[in-house]
Amino acid sequence: MEEYDLTIIGGGPIGIFAASYANLRSLKVQLIESLEQLGGQITALYPHKNILDVAGYPAVEGEQLVKNLVAQLQQFKTTVKLATLVTDITNPAPNEFIITTNRGISKSKAVIMATGKGRFEPRRLPFDGTLTPAIQKHIHYALNQPAIFQGKRVLVAGGGDSAVDLALQVNALAKQTYLVHRRDQFRALEHSVAQLKASTIIKTVPYLIDSITQAADGSLAVTLKKLRTDETQVIVVDEIIISYGFISENKMLQAWSVNVAQDPKTLNVLVNQELMTNVAGLFAIGDVSQYQGKTDLIATGFGEGPLAVNAAVRGFAPNQRGPIHSSSLKIANGEIEK
Ligand SMILES: Cc1cc2nc3c(=O)[nH]c(=O)nc-3n(C[C@H](O)[C@H](O)[C@H](O)COP(=O)(O)OP(=O)(O)OC[C@H]3O[C@@H](n4cnc5c(N)ncnc54)[C@H](O)[C@@H]3O)c2cc1C
């Protein structure tokens, strides 16, 4: 049976970085990802979105961030298993986990779950299924091919971070962008809301999409209904982007033999300050983990990786010294001396 010091389940941004860091601690690590590519939500849902809140980047396109994370990992010899779904984990003895996947079994001294929110899919327009294929062709749930929107009239629906970011990004290409939201306020980063206010995007609030029809020239007439009134208005556009968020479910853990404590409502995994679950040697980082004040951000997860890796090493090799950067720096009288 293959044996590893550390197994990381989930090749999203947080799992990839944790695997790189584990290599810096000279661990024998395997990274297991159920999809055929690395990158998690970024690759699957928003490869072309500009991410603004990752340290060191004024702005970075999702795809580029994943490329950089993979390049960082490729500096080391790491076992990366793609298209491999973890179906069970057992913990027969301390510092011993047996990981079962659809492709085989391996052994690991510690395990880090970086499995995100589980299976996810975009929340669709409630009447999406009743629309003709010709209309559906112009309804998008992600910004996969930005070039489609060049010189077009585009309606973006939604009011969260992603909707505002998408509208701003599309507006740089489109002839005219409309942003339709069912509330008066947009729930995005204040910086993005300020950019939205200053932009040429036409904001229509509080409205919901009521129906969509197609004219002979292919354009879409979108009827919007003002909330709690009978007032309607029609906007004619070429493309529609729906950004109503995502539905996800993290039920797979319940089928695993290890009994991991989850929040009954969110199904996120409960962890302590070391990102350890209720099972010694089993950690959870990134979107799957939950503790007081947790925020599902890439930046947060990047910090959690090293914490979990170092705690894992302390668990199975307690005599190994932990890493301290600049150990030669000493603070004397409030001044840093080398
Ligand atoms: C539209 C959108 C826009 C966003 N914008 C931003 C932003 O601007 N800034 C920001 O900081 N965050 C943003 N986020 C949130 C960010 O994407 C997440 O916080 C981040 O992806 C979490 O990374 P992760 O590695 O924990 O999980 P994920 O990215 O979800 O990756 C988890 C991986 O684990 C794999 N997996 C799950 N179960 C198994 C299993 N049993 N076996 C093997 N593999 C498994 C999955 O296939 C997946 O690839 C956004 C999210 C969305 C949806």
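Cβ coordinates come from backbone N, Cα and C, glycine included.
Listed in TrEMBL for this protein:
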DOMAIN    4-301  domain 'FAD/NAD(P)-binding'
BINDING   Glu33, Gln41, Tyr46, Val86, Phe120, Asp287, Ser327  FAD binding site
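The structure, with features from TrEMBL marked on it.
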residue: Glu33; record: FAD binding site; Cβ within 10 Å: 25
residue: Gln41; record: FAD binding site; Cβ within 10 Å: 19
residue: Tyr46; record: FAD binding site; Cβ within 10 Å: 21
residue: Val86; record: FAD binding site; Cβ within 10 Å: 22
residue: Asp287; record: FAD binding site; Cβ within 10 Å: 27
Secondary-structure category, per DSSP, in which Asp287 (FAD binding site) falls: helix
Across the domain 'FAD/NAD(P)-binding' (4-301), average pLDDT on the 0 to 100 scale: 94
In three-state DSSP terms, the structure that Tyr46 (FAD binding site) belongs to: coil
